[in-house]
Amino acid sequence: MIKQRTLKNTIRATGVGLHSGEKVYLTLKPAPVDTGIVFRRADLDPVVEIPARAANVGETTMSTTLVNGDVKVDTVEHLLSAMAGLGIDNAYVELSASEVPIMDGSAGPFVFLIQSAGLEEQDAAKKFIRILREVTVEEGDKRATFLPFEGFKVSFEIDFDHPVLRNRTQSASVDFSSTSFVKEVSRARTFGFMRDIEYLRKHNLALGGSVENAIVVDEDGVLNEDGLRYEDEFVKHKILDAIGDLYLLGNSLIGEFKGFKSGHALNNQLLRKLIAETDAWEVVTFEDASTAPISYMRPVAAV
């Protein structure tokens, strides 16, 4: 049986919020079967919990924000991408502020944290959501689609009219039956343009942003001394974001996601449309792991 997974141990990290610029303490904790990923604002009394579900997404400007009443948790997508990539079904994410720390701008540090905590299999079947038919949302020239696929595949195309990006790969397709999330996707960093940063800071966004936690691009090139981690790092980061956003379904996917210029808002619209169209998906479990189409879920042996 493919079993649900949680963390073996509690693990902590400290970082800075990308948009708030605040110092944040992050604690990842094991959680019981069928808990899902639950964010907890430990700085509040009483502590406020926000399950990582599509229905709890309140804002999608520059990042994905979960809300419960007037309490929010910003920038959840990179951590959720790491949870998805390592197949973590159940965990508590405790925060000392309203934003998940940005770390280095990728999911890499979160992958390292989760692997350091260790993975533990639980005595219950892991639930997958299998896409049964096409579901699409569009907004102007932007598009996001789910398609049936025996495995998990994410295809993405960006279209930036910018001298640096025009000459780089702007599309990628990753089939996780043959590609490692950890090696090929998790280290792709978020990116921003110098021309936008002044505007963002005026609106109290990207206050914690720097070349330490983002790829910064001006008209002439990439400002980061070490350059890019992947030739197609820009579009790979959009794939990373999408994987995190899709994990708000609450389960791992069996299907294909295709995005064209899609972002957090359209990704969330797609999830809500899928959930509403109950004939477009089904929940499945696997008694025999060898019959499952998803192998990328087992990158590390769970003890």
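Cβ coordinates are placed from backbone N, Cα and C, and glycine is handled just like the others.
Listed by Swiss-Prot as binding Zn(2+) are H237, D241; the candidate from H78, H162 that the record includes in that site is H78. The Zn(2+) site, placed at the center of the C-beta atoms of H78, H237, D241, has further neighbours from the same chain whose C-beta lies within 8 angstroms: E77, S81, G105, S106, A107, A188, R189, T190, K238, I239, L240, G244. Of all Cβ atoms in the protein chains displayed, 32 besides its own lie within 10 Å of the Cβ of H78 (Zn(2+) binding site). A gap of 8 Å separates the Cα atoms of D241 (Zn(2+) binding site) and H264 (active site, proton donor). In the three-state DSSP scheme, H78 (Zn(2+) binding site) is classed as helix.
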